[in-house]
Amino acid sequence: MASSSYNCAKPQISHPLSSASSSTVHLGHSPTSISWNSRQPNRTHNIRIIHSALHSPSVLHFPKQPYQNPLIPIEDDSVNVQVQPKTHRHPQWNLLQRAAAMALDMAESALVSLELQHPLPKTADPQVQISGNFGPVPEQPVKQALPVTGTIPSCINGVYLRNGANPLFEPVAGHHFFDGDGMVHAVTIDNGNASYACRFTETQRFLQEKELGRPVFPKAIGELHGHSGVARLLLFYARALFGLVDHKQGTGVANAGLVYFNNRLLAMSEDDLPYHLRITPSGDLETVGRYNFDDQLKSTMIAHPKIDPFSKELFALSYDVIQKPYLKYFKFQPDGTKSPDVEIPLSMPTMMHDFAITENFVVIPNQQVLFKLQEMIFGGSPVIFDKKKKSSFGILSKNASDSKDIIWVESPDTFCFHLWNAWDEPESDEVVVIGSCMTPPDSIFNECDESLKSVLSEIRLNLKTGKSTRRPIISESEQVNLEAGMVNRNRLGRRTRYAYLAIAEPWPKVSGFAKIDLFTGEVKKYIYGHKKFGGEPFFLPRDDNWESAEDDGYIISFVHDENSWKSELQIVNAINLQLESSIKLPSRVPYGFHGTFIDAKSLINQA
């Protein structure tokens, strides 16, 4: 069982960049780097190097101005981005607003000066969190006719898309990797030909900050810690009070999940509504706007909704960290019609990043990582691990109209950031859940002395006895951190034999992926190679036939070579784990989050 005895430091926020900067700054290392003209004044503080798995040979610096579309020389594979200094015009503010803006900017400068006096924890230090290939890139317009090694399987026609966090501006305080603006990377494959583009998702937050020329919205994980976090919230709401920013149209970054539902590509993060994106005929991306399902969705939606492969319904949750109900469940019919909300009874706001579905049920994790905003008053993080709370899973009918029949099954000391699948076993009155159990539970958010472990586990929830069991699927001798991945989506919610998961070694980098037999525990690994790292392996079945072999398909993943500083898209045969083809990309693709694939036939009906 997971241990609850570990030591996590409460972070204190200070200024992230206590280093001298020159007139030209660089991200990455030769031969491929991105350079911007820096308008930042020189500082006299020494560069603070923190050694961790995130750290690369370079230290990251940011421009004060937005990225511009780069000019990519056709003769050169490298990407050199020169951004000219830009004068930002303020919105049409009146005299009172201008005075308020000046006063609030002065208050923020004073706050930053105080923050400079304290070191940042690694979980909120930009020099750690967004260094190397975790760092941002500029937008890239479509580049066609990419070089292909090997042969792209003929069944793969469509667009592979992957979301990620890509901050537009230099952080003015702490920054967690999860805080960055959403950027979607798209590789379009058309009868063996490939193109690539990447674009920011133009959230309301992104558009306002771009117009202002600097970050003003508070970062939920990296900045909102301790007294500095309280002060930043007060500054933000003061700006909103004077009409300098508008938070009523959402504050989310849409940087985590992607789903294609009801002919719409949706980009999501659990702090906002989804954003509707459109893929253009050329393979480019454009933001249509914040999407509320024709005014049916009144609350946020988590980044991991589930589509049942048979009913084609979409299932989702929404959570609130301030007021009850802290959690709601709802679903959408294939035509986009939403069900009424079902309020799930929780006594405190619980972090709910993911959940699972079976043929008959929704599986809701109620775990020990909570939101406790008052902790900021005492100098701590609002995301805490409560060792006194008992972890449990709620089992609710997918067609429930209320929560009165929900069954809660305790699963002590269980924290799964992601659940890969679940299914019903009525012969034993059990629901089986497959997830990666993480310890320490809040180590992603709060700096801890204990090394993180992510153990692929089978959790059995007995609906009659209310008891649970948990076992590691892989033998102790073969244990590796497994995070990010999926099962065959044609069988989601049904018994599956295989899972395809990222090998998060050295944490949090991904050195390859594993194909795991969930019944026998057998592990087959595909390793990218020396200094090559990737992200979430996406399993694409050869076809949508339920009766096809479960592993008949391909694994798709972005891979970055930290020696050459170049990126590619690899396509691997899921049966034998042999590389079928690789697509050389025109620019660097940072390590990111979750993706999806939209086949060419589905794109014809795109809304």
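Just so it is clear, glycine is given a Cβ too, placed from its N, Cα and C backbone atoms.
Keep in mind the model is a prediction, meaning the values are calculated, not measured.
The Cβ of His353 (Fe cation binding site) has 20 other Cβ atoms within 10 Å, all protein chains considered. For His304, His353, His418, His594, the entry in TrEMBL reads Fe cation binding site.
Under the heading compositional bias 'Polar residues', TrEMBL lists 15-40.
What TrEMBL lists as region 'Disordered' is 1-40.
Cβ atoms within 8 Å of the centroid of the Cβ atoms of His304, His353, His418, His594 (the Fe cation site) belong to the same-chain residues Ala256, Gly257, Ile302, Ala303, Asp354, Phe417, site residues excluded. Summarising the environment of His304 (Fe cation binding site), the number of other Cβ atoms within 10 Å of its Cβ, over all protein chains shown, is 20.
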